[in-house]
Amino acid sequence: NACLAPLYSLEGMHIITVEGIGNCRRGLHPVQERLAEAHGSQCGFCTPGFVMSMYALLRSSKQPPTKEQIEDSLAGNLCRCTGYRPIIDAFGVFAKTDDSLYTASPSESANGKAICPSTGKPCLCRNETDVNGNESSLLSSVKTYLPSSYNEIDGNAYNEKELIFPPELQLRKIMPLRLNGFNGVRWYRPLKLDQLLQLKSCYPEAKLIIGNSEVGVETEFKNAQYGVMISVTHVPELHTLKVEEDGLRIGSAVRLAQLQDFLKKVIAERGSLQTSSCQAILRQLKWFAGTQIRNVASVGGNICTASPISDLNPLWMSTGATFQIIDVNNNVRTTVAKDFFLGYRKVDLKDDEVLLSVILPWTRPFEYVKEFKQAHRRQDDIALVNAGMRVHITEAEGNWIVSDVSIVYGGVAAVPLTAGKTESFLVGKKLDYGLLDEAFNLLKEDIPLAENAPGGMVEFRSSLTLSFFFKFFLYVTHEMNTKGLSEGLDVANMSAIQSYTRPVTTGTQGYELVRQGTAVGQPMVHLSAMLQVTGEAEYVGDTPTPPNTLHAALVLSKEAHARILSIDDSVAKFSPGFAGLFLSKDVPGANNIGPIRFLQKKNIGPIIHDGEVFASDVVTCVGQIIGIVVADTHDNAKAAANKVNVKYSELPAILSIEEAIKAGSFHPHTTRCLSKGDVELCFASNTCDKVIEGEVQVGGQEHFYMEPQCTLVWPVDSGNEIHMISSTQAPHTHQKYVANVLGLPLSKVVCKTKRIGGGFGGKETRSVIFAAAASVASYCLRRPVKIVLDRDVDMMTTGQRHSFLGKYKVGFTNDGKILALDLEIYNNGGNTLDLSLAVLEHAMLESENVYDIPNIRASGKVCFTNFPSNTAFRGFGGPQGMLIAENWIHHMATELRRSPEEIKELNLHSDGTVLYYGQLLQNCMIHSVWDELKASSNFVEARKAVNVFNSNNRWRKRGIAMVPTKFGISFTTKFMNQ
């Protein structure tokens, strides 16, 4: 959470950096050392974050953490290239374990093999040597780390002791703060509630800050400006956590992580009778953001932000919580949570008022509270729909009826919605299956979702509102049954109410050690690992900038397709630090740009010259670069760029592959066709017992490399030469394009790349346009220019993995033998051709996957759409082609009522097969690999177990599949296949 913390909020704190806990000169910390040795870094850009998350967990744990705690602490960290297995493996050695397993003599199994203390299974790690007989096993050579916690790490691994909280800060008296910041911002830190109320009376519009998790996003990405900020982190009255007679009193400044710990303690002390609401909130908090956010985000901040998708607000409302509010005159009023939310991000809180605390009432006997949340993924993700539900059951005339009920949904409107009609209907009713149909109909009226509702996925989200209530009904029915008061659920329905759990992540990697020379064949720690785990590895953003360096921000198109009428920079010129705006007219050389090669002096492109550094007349996508602003700081450059006013005349836009096909919108010269046999004759004859047709849509994917696009450019020899350091996969391409844009010979342009923080193809061709734009400003002003894209700008401008549409027609026998395939493939190239044709060709080459098809015809086209140009991505079209193939294989299996694996086995390639693009398969091992994997994974028994589970569980299902892949010709540019 360091990126969110305002500098002034750190006053009085001890700051520990990844470089501070250990470095290459004075020695590594055990956490750093273990991550490097376990091969837990690749590009290394995310590595310091993982190190500090683990370090923070160890320092804050009085006991060695469990493996579950380690995984939870890393939930807010992202990695895109290494994968999480080696990272979790690396940190697993710090987990709490049974030390006797490691300190006692090794136990042995019946056959004399040692028992692994980690898995409890026989292993060879203690006595096996490698295949050469002269090297120790990898496992036995790895340094052993005993479980450690903050008070057990004494620093013996390096020459300085573990860092402690500085005594001078411990003894220092905390003082109120009044500080001034950039652009007139004032920062206050009161120490008492009275001081806070006095500040609020002077500055009614002031923003209260605790974790800055919302305000930081607003100021960074939404250009919000707050003149006065008041930090309430040191106001004790807002940090109350008390157990009272009528419930819990929770201060508005209490961190969510603190609330979690408090609720666990209360539930353990008070039991389940009074704490159903506490348990629901605790379960919801587990999936609320990540550990890093919960450590700083507050209860009151989440409430007053009034986000429509808040996970907690529906629960506050449904549990009957009340909010205590105090004004500047010390008057306290109480409002129920259901009346607090007035509109989109509007609450019942006046400018002279502060949310003081939340009162969460105890639950009564036979009162049940349940939380719900559905997101794209469980951890660290916002909700699509969430809900809080409460019901109180009482006995009347021998029947158990609903005396009170509350049903509140979030994520379906501007504010959390109460299902009022449904609540009224349920009161006084016996809770049984007979009322479900009417309740569902009323829920549809209570929670309407328009077809154009923000967030989309309307049908799915509407179904969630019903399924949440049904799950709540089943949950209450089961709870009543445990008390012998109603009929219970049958076994098949139990899966609907079981909370989601998953075991601790496990993974193994097995390989033989065969030494070849000094390093080949050995699991060597790579050369940059030590620098990466200590934060000493330098990326473009870490490069010291020369004196007088300017910072750049882009002026981007806000229209998908439009003619530029005017560009007005009159306001931007007077923005602080403004140094210049550069447009297409300012380009010294050629403004045209493209991904492959030069065709003539002023034009670049593979076939057509379809790209521009700066849009000159027409913009063809949102996010297309119109100009570049340079200023003395990054923030000033962004502010000035936002003040450039561009007027457009809107033109028709094509926003999908289907629209492009309908309009005949394709990039020129991109039609391709490959064939083998006679598809038409096969379909016309009677050899095909069955013929199926269908479509497959494959979506795009964001590269999401950790380090955004960035370049530092500076002039040499009075501007007659340009040097740059770029985060790119293709430095030579940068050299060529920049030379062409500036009208310089190649010998006068130098591009260096030390390392990049992830690329995956996204920095192969798309990175050059940003370097070219920055080089224009640097060349014209004769000053260094640095451009680092913000994440939102990077994602808006750089394109993605290509989305595809596949239309297939397949003929086959009743036995499942494929006879003919007619396939049309379309990919979304975006607004320039880039590498889209090569990606399409590769998808076509992979479109048969590993299956013998005697008659095949595959045709393809690259669609022109008004999206940023899509580009290279790992797999380069191969995954899309194979995914389309696997879809029609499954369609065949459904038609024949057989398992997909049977169809696949029957049609696998054989040695000597000639592929439909003319390649002869030699030493084809697909059959033996398939059989070996099928046997080693015990696939047949696993499939039977899945079928048994699915037949015994009505609502929760499992699946298992074997999917073969073939990555054949990598590129259609032959010299790259080396």
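Including glycine, each Cβ sits where the backbone N, Cα and C put it.
Database features, via TrEMBL:
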type    : residues                                         : note
BINDING : Cys3                                             : [2Fe-2S] cluster 1 binding site
BINDING : Cys43, Cys46, Cys79, Cys81                       : [2Fe-2S] cluster 2 binding site
BINDING : 208-215, Phe288, 298-302, Asp311, Leu355, Lys373 : FAD binding site
BINDING : Gln729, Phe760, Arg874                           : Mo-molybdopterin binding site
BINDING : Glu764, Phe876, Thr972                           : substrate binding site
DOMAIN  : 180-365                                          : domain 'FAD-binding PCMH-type'
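The record gives Cys43, Cys46, Cys79, Cys81 for [2Fe-2S] cluster 2. Within 8 Å of the mean position of their Cβ atoms, the other Cβ atoms in that chain belong to Ser41, Gln42, Gly44, Phe45, Thr47, Arg80, Thr82, Met706, Gly757, Gly758. Cys46 ([2Fe-2S] cluster 2 binding site) has a Cβ environment of 22 other Cβ atoms inside 10 Å. Sorted by the number of other CB atoms within 10 A, the binding-site residues Phe760, Phe876 start with Phe760, the lowest. The shortest Cα-Cα distance from Arg874 (Mo-molybdopterin binding site) to any of the binding-site residues (Cys43, Cys79, Gly211, Glu764, Thr972) is found for Glu764. With the fewest other Cβ atoms inside 10 Å of its Cβ, the least crowded of the binding-site residues Cys3, Cys43, Cys79, Leu208 in this structure is Cys3. Straight-line distance linking the Cα atoms of Glu764 (substrate binding site) and Cys79 ([2Fe-2S] cluster 2 binding site), rounded to a whole number, equals 20 Å. Taking the mean position of the Cβ atoms of Gln729, Phe760, Arg874 as the Mo-molybdopterin site, the remaining same-chain residues with a Cβ inside 8 Å of that point are His703, Tyr705, Gly758, Gly759, Gly761, Gly762, Lys763, Glu764, Ala872, Phe873. Reported as a whole number, the C-alpha separation between Gly301 (FAD binding site) and Cys43 ([2Fe-2S] cluster 2 binding site) equals 36 Å.
Site extent for substrate: among the recorded binding residues Glu764, Phe876, Thr972, the largest C-alpha separation is 16 Å. Apart from the site residues Glu764, Phe876, Thr972, the chain places the Cβ of Gly761, Leu835, Ala838, Val839, His842, Ala872, Gly877, Ser970, Phe971, Thr973, Met976 no farther than 8 Å from the centroid of the site's Cβ atoms, the recorded substrate location. Burial estimate for the binding-site residues (Cys81, Leu355): highest at Leu355, by number of other CB atoms within 10 Å. Taking the Cβ of Ser298 (FAD binding site) as reference, residues of its chain lying under 8 Å away and at least six apart in sequence are, in sequence order, Ile210, Gly211, Ser252, Ala253, Val254, Arg255, Leu256. Note on proximity: of the binding-site residues Cys3, Cys43, Cys79, Phe760, Thr972, the one nearest Glu214 (FAD binding site) is Cys3, by Cα distance.
When the binding-site residues Cys3, Cys43, Cys46, Cys81, Leu208, Leu355 are screened for a C-alpha within 10 angstroms of the C-alpha of Phe760 (Mo-molybdopterin binding site), the residues that qualify, in sequence order, are Cys81.
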